Structures are given as structure tokens and as C-alpha cells.
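Q: Annotations per Swiss-Prot:
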{"type": "BINDING", "residues": "CYS590, CYS599", "note": "[4Fe-4S] cluster binding site"}
{"type": "BINDING", "residues": "HIS692", "note": "chlorophyll a' binding site"}
{"type": "BINDING", "residues": "MET700, TYR708", "note": "chlorophyll a binding site"}
{"type": "BINDING", "residues": "TRP709", "note": "phylloquinone binding site"}
{"type": "TRANSMEM", "residues": "72-95", "note": "transmembrane segment"}
{"type": "TRANSMEM", "residues": "158-181", "note": "transmembrane segment"}
{"type": "TRANSMEM", "residues": "197-221", "note": "transmembrane segment"}
{"type": "TRANSMEM", "residues": "305-323", "note": "transmembrane segment"}
{"type": "TRANSMEM", "residues": "364-387", "note": "transmembrane segment"}
{"type": "TRANSMEM", "residues": "403-429", "note": "transmembrane segment"}
{"type": "TRANSMEM", "residues": "451-473", "note": "transmembrane segment"}
{"type": "TRANSMEM", "residues": "548-566", "note": "transmembrane segment"}
{"type": "TRANSMEM", "residues": "606-627", "note": "transmembrane segment"}
{"type": "TRANSMEM", "residues": "681-703", "note": "transmembrane segment"}
{"type": "TRANSMEM", "residues": "741-761", "note": "transmembrane segment"}
Amino acid sequence: MTISPPERGSDAKSQVEKVDNPATFELFGKPGHFDRALAKGPKTTTWVWNLHANAHDFDAHTSDLQEVSRRIFSAHFGHLAVIFIWLSGAFFHGARFSNYSGWLADPTHVKPSAQVVWPIFGQEILNGDMGAGFNGIQITSGLFHVWRGWGITSETQLMALAIGALVMAGLMLNAGVFHYHKSAPKLEWFQNVESMLNHHLAGLLGLGSLSWAGHLIHVSLPVTKLMDAIDAGEPLVLNGTTIASAADIPLPHEFFNQDLLAQLYPGIGSGISAFFSGNWAAYGDFLTFKGGLNPVTGSLWMTDIAHHHVAIAVLFIVAGHMYRTNWGIGHSIKEIHEGQKGDPLLFPAPNGHDGLYEFMTTSWHAQLAVNLAMLGSLSIIVAQHMYAMPPYAYMAVDYPTQIGLFTHHIWIGGFLIVGGAAHAAIAMVRDYDPAKHIDNVLDRVLKARDAIISHLNWVCIWLGAHSFGLYIHNDTMRALGRPQDMFSDQAISIQPIFAQWIQNAHAAAAGSTAPNALAGVSEVFNGSVVAVGGKVAAAPMPLGTADFMVHHIHAFTIHVTVLILLKGVLYARSSRLIPDKANLGFRFSCDGPGRGGTCQVSAWDHVFLGLFWMYNSLSIVIFHFSWKMQSDIWGTVNADGSVAHITNGNFAQSAITINGWLRDYLWAQAVQVINSYGSSTSAYGIMFLGAHFIWAFSLMFLFSGRGYWQELIESIVWAHNKLKVAPAIQPRALSIIQGRAVGVAHYLLGGIATTWAFFHAHILVVG
């Protein structure tokens, strides 16, 4: 830690300014009030598109960084309000329209539902049989599982949460108005990164985790222990009363009584004194390090989860005391940056990270780019953990929920990562000043961009040719009836030896490199089969030639996505083709009528193209996951202990040819969605077709030029004039950029909704 002389500290001073800027609906009610040109109202139909494009582009409203910062800050509260309203809706559906109590009583036979369709023209057919006499639409969001984990035992508690979330939404809206219109932070408050780090690390993440650990220990632990005992058929006794159902479980506030908790976890009876005396072992019964899964629920041990949150809290509270604020001790982010000079051989940047601190504290786009890339990656990591280390009770045997959560977190991650590239490019165009980045690391990367992009392009060609080449070879050999010459586990075997090594290393860790763990980190890593209610919750995942091949397709598609996005960022300001690109802005269709062959070079166009490859890449990821799990993990356990998998282990043989992917995965698993009419999954059949239409509709925007439509519009306007019904607002064709934006939006919406219908209709029937 850098200990500095006392004078390096700064006196605390007010970082907030009283503002007299009343929130008036007269202003808000005027469309385009934020832009002088838009405020005049529409003359042509282009106005409404520009309104959408610029409403949230605060940079375009004002160049005052403090004003932009305040608007972003205020908008965050608005965003939180929307999130609380959305949460309230989820809680309300659970309280009012769900079979939550029925599911709690028998989670392995009752399916979760929180929506009942009203009969108007026959759509009550969508209310499927959920078990225990309840008919509704099956939900796949994992809400019931997470609510049980929180310790919620009744619909009444969900209704209280629904009301509480609305109250929070009101508070957030109030805060958003207050901190912009009444009392707004000054620019230096937004740029005080050390204070922000301390508060976010120690407060938000540290104390947040600690308070959550408190909830887990005092509410979740007792409730889940009692619920697990009921589900195992061995109910526990509290104060002489047998807890035989969820209704018998004491309410959360009753667990304030330490004696009640101590009957379940004696360690809690030792109170706080054991903590201060160093006798931490006393807490070993409720802060555990077991590893593996709870055999009753197929989920991580709640005592492990509580321990995890205590540990996270300690780490982040310590981390939140590392940065120098008003006292003269701790790290300075600026000094850390400027202390990094780069490796003289590998990366000679004489000025290291000089200038980056200023860039990151004056460019919100640069800050957002880093955060989106990190959060997107984190979302994709969460997707992997949902099945490898299922945290919530019975979620691992609810296969529709498992596919739903994996797919959701993968898509979200992809969109956030593309967003990271978008904002990095905007930062380069709008906020980057070359004079402030001479020979620092960013400047050196830009100078080396040709080498970086050409090498990355070579990697993409190599990966694409070889990974796809393996499939082409296999299809050819299978077509010619030569299975002995195919790449497969039986013929020419290519084993993923590094992945298998990692699996073995994890499996061997418990009791050796992790001496205190009782079981491995995940059953997926060469563990054992965990069955709950006769269904597989987790099992070791065998990896072979088929996995090796599709993994390299993943490597190929991810690298192409990175190539497009990184090229957009590195060439956002200039290129050999268009040296003055920075003057043309973030989005432009072509470099003027005088220069042909300069279309799709703007940074925006790279984001546009990157989205297609992101979609392409992640479609294969979710298809791989869905098929692999159904083939090799999920299924029912027979009386002799053997497992009957959903697709009978066909992945290893079928996934090694393109024809196999089409025939044995896409076509075979589309049976349910195509045959869904007349059943409770028929909505997915209609959605499957409707989403295909939306996807196809996008091609109309992507495959045609603006001039075609402008010509058509002018003839239609002529006809209107003839009939004396000409509109006051002049119709205009979409601009080239607007057409691409509409096209990619429908392409992604159609593609994702098609996949949603395909997955759901299949897994709800067979899972």
C-alpha cells in the first residue's frame, strides 16, 4: 500500500449543488424537447426515427460533461424504478396466479406455473396440467426455485414483496427527480473514483453480501433445512411441534429468537462472542465447506452458499479500504495507472498508461465499454454455473428452466459484449484526443492495429477452414459409407485432452489440493450421478471427438465476432481507405456520393455486422448445450441405477456431421413444436411460425436499397395527391442506417423468438 504524507489528503467539501430546475410535464410532453431541430415538430416521417435515435444520446443534447453525467445518473434511478415494477409484477403473479404452495409441497411432481389464461375464444387450451389439480402455463424462469432459496413459504409473503417492490419503485423515481431537479452532484463527485470504489466495494458489494449472508443464515437456512426434511420424509421438530408442511414453518421474524434457530443449528447458540474470541469453529455447522450437491434437492448446500457470502463480504470490505480519499493513505488510481510503463521487449510503450486515467474519467463511453464487456462475460459465466453448480433447490431437475436460464444468460452476455464494442467505438470517435495519448498503451495498440487485425483475420480463416473442414470430411465419408475413415470416437479419435485434464484435476481436488472440501466443485467434472425424484440432477459429462469438433466451431465464430467488433473500434477514427473517418462520426452509411465502395465502414456498421455474428456464434452454443445435456446428462434413473437419457446418448455419433446436426437435432427436436396444435403448447407452434415471419421480414430491409423504397413512396404519394388525401407530414424512405437498424432488430427478434418456441415446445413435452 502506498502511504503518503498527510498533506496528500484532501478536505471533505460539498460535492452537491442545489438546483432550481423544476420538473414540468409541459416540457416532457413536448416530443423532441431535447433537440432544437426535433423540437420544431415533424415535417417528414424521418422525424420519428431521429426522435428514437437521439432521445437517449445525451452527448447530442449538450456538450457539458457535468450535465451529461447528471442525466445519466438520474436515468439510472429511472431504470431501477422500472426494474422494481417488473419485479413487483413477478411477485404479484406468484402471489395471485401461481401454484407456488402446491409446488413447494411436491416439487418433483408439480410443475411451476404463475399464469392462468382466461377463456375468451378458446385459448384456455394453453392451461396445461401442472399436477395437484392446477392448470396453467408452465414457467421456466426459475422464480419458484429462487423464492424457496430466499425462504419464502407462502403466497402472502409474495404479495408483501409485490407491494414492497412498488414502494421501492416510487422511491427510485423520487430519487431520480430529486438528484437532477433539486440537488444534483457536481462533476467532481462523478470523477472521484477512489471514493466511488470504496463505496461500491465496501458498501454495495461488501455490506450488501454481508447483509445477504445475514438473511441466508437467519431466514434461508432454517426454512430450507425444515423444507428439505419434509421433502425427505423425515420432518424435524421445533419447540415440540412437528414441522410437517410449509404452513407449519415459523415466520421469518420468529427466527429472531436465537433459541429457535439453535435447535436447528447449535452453532448459532454460541452467539457473537465466538466470533470475537476467535472460536470460529463454533460456526462450522451453518458455515460449511462441503462441496457437491444436496442429495434431497440437487442444489448447492445452503450452508456453503451462506459461507460463500460471508467470505465475499470480508474480501470486498477489505477491498473497499484500499483507495486514497480524504486521508493520506491508500492507493491512487491515477498513480497506479502512471506507474505502468509496459514491458520493454514485448510491449514497448514509453508512456505506459499515461492519459488513460483522464480518458476513463472524462469519457462515459470508455467507462461503459469496459463495464459492458466485463458484465457480458460474467453473464456467460453465470450461464455455465446454472447447470454445473445449480444453486437453487430442484432447479437441476426442471429441465425447461435449465435450458431457459442457460439460453437467457448466454444471449444477454452476447448483447452486452457487442454493446461494449459499440461504446468503445463511440468513445474513440467522440472522446479520444490523439494529442493526449502519445506513445501510451492505447496509442501503441492503434499503431499496431494492422498487425492485430490481419493476424486475427488469419486466425479466423485457420479456425474456420479446419473446424468446418472436419465436418465436411465427416459428411463426405458418411455419405460414401466409409465410417472407418471418419473423425469419431470409434474411428479417427480426436480427444479434448486439455478439457479432460481439467475435469480430472477438479475431481481429484477434494481431500488433496482442497483438503477441507468434502466433495468436488461440480459433478460435471467426473463426479457421480445425483438423482432427485428419479431424474438426473447432475452427472459427469463425458467429452469426446464430437465435443472437440463443435468446440472449435465455437472458437471460430467467437473469433470472427471479435474480429468485426475490434476492427470497428481500432478503425473508428481513421483507416487507409477513409483517413478522416473521425469527422464523419460514429454512424454514416457511405463516404459521400463522390466515392464508391466506401459503404459499411462506419463504427456503427461494425456493430451492425458484429450483431449477426454474435447471434450466429451463440445459436451454436445454446444448440450444443441443449443437445449435449439431453444426450449425455439429463434423463430418468432406472431401478438398476442405469440412466435412460432423453436422446439416448446420440450426441457423440450424430454431432460429428452437419447432416447429423440437421437431422438428429434440429429436425428431430422440432417434432414437438410442429405438432403442437391442439395441445397446451400450441402457442409455441404459432410463435415458431410467427417468429420465422419476423425473421424473414427483416431480410426485406437488409437486402434492398433506400432508393427502391423512395421511388415506390413517391408513386404512392402521387396517387394520394390525385385523390386529394395527401398527408401533411411528407413520407420518406428510411435512411440506409435506419433500414439496417430495423433489419437487424427484426432479424435478432425473429431468430431468438424462433429458438425460444423451438426449445420450449420440445423440452416442456419431453423434459
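Including glycine, each Cβ sits where the backbone N, Cα and C put it.
Remember, it's a predicted structure, so these values are computed and weren't measured experimentally.
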Q: Same-chain Cβ contacts of the transmembrane segment (158-181) under 8 Å, 6 or more residues past its ends?
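A: Same-chain residues near the transmembrane segment (158-181) but 6 or more away: 19, 21-23, 70-71, 73-78, 80-82, 84-85, 87-89, 91-92, 94-96, 98, 100, 147, 152.
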Q: Determine which residues of the chain contact the transmembrane segment (197-221) at the Cβ level, with the cut-off under 8 Å and only residues 6 or more beyond its ends counted.
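A: Residues 149-151, 252, 255-256, 261, 264-265, 268, 286-287, 302-303, 305-306, 309-310, 312-317, 319-323, 325, 333.
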Q: Taking the Cβ of MET700 (chlorophyll a binding site) as the centre, how many other Cβ atoms fall within a 10 Å radius?
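A: Other Cβ atoms within 10 Å of MET700 (chlorophyll a binding site): 13.
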Q: Report the member of CYS590, CYS599 (the binding-site residues) whose C-beta atom has the most other C-beta atoms within 10 angstroms.
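A: When each Cβ's neighbours within 10 Å are tallied, CYS590 tops the list.
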Q: Counting Cβ pairs under 8 Å that are 6 or more apart in sequence, does the total for the transmembrane segment (403-429) and the transmembrane segment (741-761) reach three or more?
A: yes
Q: Rank the binding-site residues TYR708, TRP709 by how many other Cβ atoms lie within 10 Å of each Cβ and give me the one with the fewest.
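A: Output over binding-site residues TYR708, TRP709: least Cβ neighbours within 10 Å is TYR708.
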Q: Mind checking which residues reach the transmembrane segment (741-761)? Cβ under 8 Å, same chain, six or more beyond either end.
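A: Result: 140, 400, 403-404, 407, 411, 608, 611-612, 615, 619, 622, 626, 669-670, 672-673, 676, 681, 684-685, 687-688, 690-702, 734.
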Q: I need the CA-to-CA distance for CYS599 ([4Fe-4S] cluster binding site) versus HIS692 (chlorophyll a' binding site), whole Å please.
A: 29
Q: Restricting to the chain of HIS692 (chlorophyll a' binding site) and a gap of 6 or more, list residues whose Cβ falls under 8 Å of its Cβ, or answer none.
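A: Non-local contacts for HIS692 (chlorophyll a' binding site): GLY750, THR754.
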Q: For the C-alpha pair, I'd like the distance in angstrom between CYS590 ([4Fe-4S] cluster binding site) and TYR708 (chlorophyll a binding site), rounded off.
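A: About 17 Å separates the two Cα atoms.
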Q: Using the alpha carbons only, what distance in Å do you get between MET700 (chlorophyll a binding site) and TRP709 (phylloquinone binding site) once rounded?
A: 11
